[in-house]
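Here's the structure we're looking at; comments come further down.
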Amino acid sequence: MGIKTGLPRWELYLYSTVLYLAMLWTASWIYDVSSSNVNRKSFKSSVTPGWHYFSRRMDTADFEWVMWFSTFREHIIFALSGHVIFAKICSMLAPEYKALMYMFYGMMAVLVSMGWTYITLILSHCVLLYTISLVKLRWLCFLAGLTTLSTFKMEPFVSWQASFVMVDFELRSVLFYGGCGFTIVRSMSFALENCQKKDANYSILELLKYNFYLPFFYFGPIMTFDKFHAQANRVVLTRKEGEIWNISLQGLLHLGAIITADILFHFLYILTIPTDMKLLKHASDWALVGVAYCNLVYDWVKSAVMFGVVNTVARLDHLDPPQPPKCITMLYVFSETHFDRGINDWLCKYVYDYLGRRHDNVLNEAIATMCTFGVTILWLGPCQGVFLWAFFNCLGLNFELWTAKLLSMEPFTSLEMAMSPAMSRRIRALFNSFNFWTIVLYNIIALNSPGFTSLVAKRLLLKGFPVTTLTVLAVTYCLVQLIKERERRQALIDDPDRTPPPAPVTASTTQATPTIAPPTASVQPIVDPSKEKAE
């Protein structure tokens, strides 16, 4: 199927109409469940007074979101605004020392927020991994880094290190784990890059500049050391035409996302409903499916806003940070279900690509994905939900590769060659629709609970069969076709003169890659992955 293959306009209009009507229908069911059960006993702890003038209560089940955008909103704005002003002054007066000034401001901010003992703990981890990096052994750096990271996941090491934080406030634990976890990952990146530098060593000052860059310190995203070092130490600072306008526009979009999420929290209690299993058992199929899907969309919005805000600040500092995660609505292959592109790039560079090599061998690919998910489990914290999430996503990831290998053989290639390009696209979209809900079910295991996931799966596949199953599949098919059309148009904008490939692309058009882990290279690499997928 060539890159320029499209569908009739009336068909796309039909898909759009079906999709939007289904979304409104689902939202009405969720709204009905939210409004009719607002006084339930299980809702009282998380559904609190909100907009009195609309007589609406607010879903506050995610305490991090509430703390960030209510209690600590002014503190975050003050700290980041101070960084922007401080960085601008340094860039104007002494651009060659700006990375050093970023480090100084970041250390002062961490000192004020968490105390000097916390700074001491962070510095000790940096010094430890820096010392080990001088040995120039990758496996030793990995062993030391993962061992250090595991000390924040097991007792009594967690309690002992947590005692270094002398201050006490609501987000204390979040800042503690965020700062320590990202410090270890950044220090591992530094150590592994130092191993590649055969003729000399980076100084420990470079590690401190890298680690204490305030916008990334507590919540990421992760930039690998080689990229940060090259960008932060540039002396000649220039901007592309219209870049400031784009940065301002991104900031307004993030503000709009925050306001939209706040509005939805007052009308759709998508975070509280999954905690009441008795209510879920009596909810309609549409409400249950909608809540499951909305939970993943909310997780994307949360990540996009959090990373988007700090990325906006980083772009003002002339850095090119990792992009926000791709929306779950736009995903129908496991290869792109990473919710953190920074961790994705880190795992790709140091684990997945290093072990998978060219990604054309099934055995190497299986080893690479299992090791990648092993590191991810340690990063997220070992527990039943994370183990199940990792197992199913790793299975789905490799299954895509196996399917791609199978469908690249005869007689499947001949069958596809005999089809029209439009029909080939429709058949692919049908299989992608199954894949879409597989991704949804696998990922709500970690976001909610295995019990909620099991209930949604049973309702979709067993109790709701065939009406609910086929209806949801039909709506998802419309969604996948619209995604494919958007990708097709974007690929043609990027390269309008590209000709169709000589042979049909396999059913899984991009190679499988770990969730939160890197997108893989395909068997026959193409420069732009988005174009490859659009084919």
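Note that Cβ sites are derived from N, Cα and C of the backbone, with glycine treated the same way.
Automatic, uncurated: that is what TrEMBL annotation is.
As the structure is a computational prediction, the values presented were derived from the model and not from experiment.
Listed in TrEMBL for this protein:
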- 505-521: compositional bias 'Low complexity' (COMPBIAS)
- 491-535: region 'Disordered' (REGION)
- 12-31: transmembrane segment (TRANSMEM)
- 65-87: transmembrane segment (TRANSMEM)
- 99-121: transmembrane segment (TRANSMEM)
- 173-192: transmembrane segment (TRANSMEM)
- 212-230: transmembrane segment (TRANSMEM)
- 251-271: transmembrane segment (TRANSMEM)
- 362-380: transmembrane segment (TRANSMEM)
- 386-408: transmembrane segment (TRANSMEM)
- 429-448: transmembrane segment (TRANSMEM)
- 460-480: transmembrane segment (TRANSMEM)
Legend entry - Listed stretch, out of 65-87, 173-192, 212-230, 251-271, that has the most CB pairs under 8 angstroms to the transmembrane segment (12-31): 251-271
Inset, instruction - Answer yes if the transmembrane segment (429-448) and the transmembrane segment (460-480) have at least three CB pairs under 8 Å among residue pairs 6 or more apart in sequence, and no otherwise. - result: yes
Legend entry - Long-range Cβ neighbours of the transmembrane segment (99-121) (under 8 Å; 6 or more residues past either end): 79, 82-83, 86-87, 90, 161, 164-167, 172, 175-176, 179-180, 205, 208-209, 212-214, 217, 232-233, 317
Legend entry - Spatial neighbours of the transmembrane segment (460-480) far in sequence, C-beta under 8 Å, 6+ residues away: 14-16, 18-19, 22, 285-286, 289, 329, 332, 429-430, 432-434, 436-437, 441
